[in-house]
Structures are given as C-alpha cells and as structure tokens.
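Novice: Submitted below is the structure of interest, expressed as structure tokens.
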Amino acid sequence: MAESNQRDLEVDELTVEDDISPIPMSTTSPPEIDSAAHDHVASAPSVQTDQSNTSGMSSPSLSEKPLLNLAIVPVNVRKATPRSHTPNFFTPLGSPIRRAIQLTKFDPQDAWLPITESRNGNAYYAAFHTLCSGIGIPALVLPVSFTILGWTWGIISLTVAFIWQLYTLWLLVKLHESKETGMRYSRYLQLFSSTFGDKMGKIFAVFPIYYLSGGTCVALIIVGGSSMKLFYEMLCGHDCTSKPLTTVEWYLVFACAAVVLSQLPNLNSIAGVSLIGAITAIGYSTIMWVVAVTEGRLDGVSYDPIRENSNTAMIFSVLNALGIIAFAFKGHNLTLEIQATMPSSDKKPSHVPMWRGVKFAYLLIALCLFPLAIGGYWAYGHKIPPNGGMLTAIYQFHGRDTSTFILALTSLFIIINAVSSFQIFGMPMFDDMESKYITRMNKPCPWWLRSISRAMFGFGCFFMAVAIPFLGSFAGLIGGIAIPITFAYPCFLWLKIKKPKKYSFMWLLNWGLGLSGTALSIILIAAGIYVVIDTGIQVSFFKPQ
C-alpha cells in the first residue's frame, strides 16, 4: 500500500505520448495545477507555435500532419525508467493537466509561412486588407454595364450581386474555424481540398485561385505603369523637353517598386500598406464620381439601352454586362488568409473580429461602387468609354476643364493603390512558393531565398505584362472561370461541412445560389469564347500600348 501511495504522489514521473490526432477544443475552465506539474510544462521541448498563447484552434499542415502536440517529459529523473510501450490513454491526473496547458498546438510549418507567421491581427487589420483588395480598377467599368442593362436592371443587378457576394463572404468567415474538430483553415485551397478532396481541388480550385492572385498582379503592373506614365506627362507639361520613358520602362519602374515593398515578411506586416491602399482607392473612386457629377451631363447623353443587330449578339451583350458587375467584386480568395492572421480560441473565435472588420469595409466599398456606377452613367450615359470606363472618361471629357492638380492626384492615388494591392494579392503566391521549400526541407525559408523568390515573382509578372499585352482580351473568358470562387464554391462548402437539414431555408438558399453561380460561370465562359471568335484578337507579343 505504501508503495502504491508513493507512486500516486510522484506526478513528475508521468509521461505522455505524442498524439497527432485532432483534438476538439476544451470548453471547461482549466483547473489549478501543482508546482510539480508546472515544472513539467516549463521543461517541455520548445516548439514553434501560434503567436497567441490562448489559441485552442489548430491549422491543417501542408505536410499532411494536422496537429503537432507537445510531449511532457520528466524533470525529476531519480527513479525514471524507460517506458517503451506507453498506453494510448491518459491517467485521471494526466487528463486535467493536459487540458490545463492546452497541448493542441499549431503545426510549426504554419509559423514559418508568411500568411500564418504572425497571428496578432484584429478587426482593424481585417478592414484594411478587405478594403484594399475589395476596390479596384474593375469597379471603374461598372457604368459600362448600365449602357446595356439600363437604369432599372443595372441597379437591380448591382444590388443583387453585392448582397450575394457579401453573403458568400459571411459563409467563408464562418467556415474558417471548426469547433467540432478544432481546425483552422487558413487558405482557400486548404478548405476546398479538405472538404472535397485533393483531386477536386486541383481540378476546380487551383487555377481560379492562383489566377485571381497572379493575374491580378499582372493587371496591376499594366495599370500602375500606365498611370505612372500619365502622371509624369501631366507634371512635365506640354512644353517638356526631357525624353520620356517608354511604356515598358514605366512597367519596369512600377515592378521594381512592387518588388521592394514585397520584402515585408508576412501578411500582418503589410497592414499599414493595405491602409494606405484602401485610403487611395476610396480617394480616386470618390474624385472620379464627384468630378463627373459636378461637371454635369454631357451634351446629347442618352440612357436608352444599347441594342444589337441580332438576338444572339444582344444576349451576349447582356451576359457581358453581368460579367462586368460580377468581376467588380473580388477578394474572396483572400478572406481566409486575412482571417488566419488573427488569434482564435474557443471563447474568442476569430470570426467575430473578422466579420466586424468586413462589415465596416463593405460599407465603405458600397459607398464607392454605387456612386461610381450611378453617377458615372448619369454623367456620360452611352458615351462612357467601354475600355477603361471612368478612368478613361475623366481624362477624355474633363481633361481641359478640370485642374491639373485633381487629375494628377487621381493618377497618383491609382499608382499608390496598385502598388499596395500588389502586396496583398501576391501574398498567397509568396506563401505557396515558400511552402514548397518548407515541406521539402522541414525548416524555415532563409531570408535571402525569400527575397529572391519574391523578386522572381514580381519580375515574372512584369514579363507577362510586356510579353502578352493582349491578355486582357481573354479577361471575360478567364474571369468566368474565376467567378465560382466568389459566387458558388462558398455555398457548396457550407452544404458539405455544415450539412443543413434537407429542404430547410439554408439548404434551399445555398443550393440555389451555388447552382446559379455555377450556371453564370458556364454562361460567361461560353460568352467569352464567342467574343474571342466573333471579334478576333490582335496578337502582338512584346508590344504594349
């Protein structure tokens, strides 16, 4: 009996095996532990974990080991004896100790990747990132869609699209973490592949997700470089004698600025950059619709919807208008990544501050997009330039009667927003490149390799912008492939993961929106192919305009 009591008191000789199975979050309050158990925790081997010590969520690993749990080792080895076959259960004393010190930790690889390297984000950071990624050049073309749809259907379509994509964004925010499994899905592709399988992920998700990141970075180089050229010409004036840079050289200047800024290590570190990008996006959007409205309507403006010669052409024009509205809403491929920068626990889940930041961001996005579409169409009507939309109209119609300062400030805002947006859209690509090294070498990516890889990506985007300047002709076709990321996939993910009751409201709503988003994608792909065949494409490699 004495020997049995002595064994019970020797808590410091307990050992716990490593367990890599997912462990649900504990909702019980941690009991007090004695000093001997505390010494055990202090002596546990160091493991790189989540930035938040209160986190109870775990993150799927890229090496297919979802969790890495800490092992308790004995401090007092007076009578320690090797145990080669520790049973796979915990003693009544070991279980509360394990719950108290929360052994479920993030995989070390997450602490080495730029998206999840820092988890001290908050609602403000979420708002900054969402604003920076949610407003862009595609929004400036919204008045073009009204020339085909007219006032009534234009406003209805824009409102429905806004509510639709805001709802799917809410779905993604809620799906980021699971209380049942304790998992956090920090990347869109991880959530999709975990839900539908790796094969389905490679077929349906890899290309649209990476296109929205890489393709957007290429477009930003084109827009930013062209705006730099225009900004220089306005500052220099008509009597400037200096030899201006060529378009390609301006692309290179912008790419160099983007590459230098891309050396910031992780997603949280660019929160200030995203704030500047968000402010400038709101700035140039507001300037454009205010100038358009204050200058008044152009002479001879008509609001009658444009009619085509044939029914087929008319159908594809309407589809093109719907595609313009759909393309204006982007950034869903970054939602889970932004939320991954926040700490999360069972009492303070990350979806609460994330949704708070998203609601504020989309209030400002609505205050930018709706005035742009409605004010621009009111001022220019069917005269709105189809290529460039408001960006072209403000220089074409008001270049002489608007102060040079306002025009130059608009170009400067576009440049700053483009170089800022490049960082957040490029971050998933940086994360993917570094994950390949980390998975293979099982150690953090060195700073010099990180710098080289990001520079290669930036200049690779520059090469694509120069080599294939007609890539924008395929925007409708490729954009149709990327639409499900925003309008369809979140609905199917909710149905698969949450399993709402059959024929319930959520079941019907998500099936309806998911199938509608898929159908819209297929129709827009068909329309893109038709436009390419019908109008043709002027192929001119290495000849940017």
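Placed from the backbone N, Cα and C atoms, the Cβ positions cover glycine too.
Since the structure is predicted, the reported quantities are computational estimates derived from the model, not experimental observations.
Below are the features I grabbed from TrEMBL:
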- 10-20: compositional bias 'Acidic residues' (COMPBIAS)
- 21-31: compositional bias 'Low complexity' (COMPBIAS)
- 45-62: compositional bias 'Polar residues' (COMPBIAS)
- 120-533: domain 'Amino acid transporter transmembrane' (DOMAIN)
- 1-62: region 'Disordered' (REGION)
- 123-142: transmembrane segment (TRANSMEM)
- 148-173: transmembrane segment (TRANSMEM)
- 209-228: transmembrane segment (TRANSMEM)
- 248-264: transmembrane segment (TRANSMEM)
- 271-292: transmembrane segment (TRANSMEM)
- 312-329: transmembrane segment (TRANSMEM)
- 360-380: transmembrane segment (TRANSMEM)
- 405-426: transmembrane segment (TRANSMEM)
- 447-468: transmembrane segment (TRANSMEM)
- 474-495: transmembrane segment (TRANSMEM)
- 507-533: transmembrane segment (TRANSMEM)
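For each listed feature, how buried is it and what is near it?
Specialist: Below 8 angstroms of C-beta separation, residues 158, 216, 219, 223, 267-268, 271-275, 277-278, 281-282, 285, 288, 324-325, 327-331, 334-335, 338-339, 341-342, 353-354, 356-358, 360-362, 364-365, 368-369, 372-373, 376, 388-391, 414, 417, 420-421, 424-425 of the same chain, each at least six residues beyond the ends of the transmembrane segment (123-142), sit close to that stretch.
Long-range contacts of the transmembrane segment (248-264) within the same chain, counting only residues at least 6 positions beyond its ends with a Cβ under 8 Å from a Cβ of the stretch, are 217, 220-222, 224-226, 228-229, 232, 270, 273, 415, 418-420, 422-423, 426, 430, 451, 454-455, 457-459, 461-462, 465-466, 544.
Through the fold, the transmembrane segment (312-329) approaches residues 134, 138-139, 141-142, 144-149, 154, 157-158, 161-162, 165, 306, 369, 475-476, 479-480, 483, 486-487, 520, 523-524, 527-528, 530-531 of its own chain, all at least 6 residues removed from its boundaries and within a Cβ separation under 8 Å.
Sequence-distant contacts of the transmembrane segment (360-380) (same chain, at least 6 residues past either end, Cβ-Cβ under 8 Å): 123, 126-127, 130-131, 134-135, 139-140, 142-143, 145-147, 151, 154-155, 158, 162, 166, 169, 278, 281-282, 285-286, 288-290, 292-293, 295-298, 301, 303, 328, 389-390, 393, 397.
Proximity of distant same-chain residues to the transmembrane segment (474-495), defined by a Cβ-Cβ separation under 8 Å and at least 6 residues beyond the stretch ends, is recorded for 164-165, 168-169, 171-172, 174-175, 188, 191-192, 195, 204-205, 207-209, 211-212, 215, 320, 323, 326-327, 329-330, 332-333, 506-507, 509-511, 513-518, 520-525, 527-529, 531-532, 537.
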Novice: Determine which residues of the chain contact the transmembrane segment (447-468) at the Cβ level, with the cut-off under 8 Å and only residues 6 or more beyond its ends counted.
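Specialist: Beyond its ends, the transmembrane segment (447-468) has Cβ neighbours at 214, 217-218, 221-222, 225, 248, 251-252, 255, 258-259, 262-263, 265, 422, 426, 429-430, 433-434, 437, 541-542, 544.
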Novice: Do any residues, 6 or more residues outside the transmembrane segment (507-533), come within under 8 Å Cβ-to-Cβ of it, and if so which ones?
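Specialist: Same-chain residues near the transmembrane segment (507-533) but 6 or more away: 164, 167-168, 171, 316, 319-320, 322-323, 326, 473-474, 476-481, 483-484, 486-489, 491-492, 494-495, 500-501.
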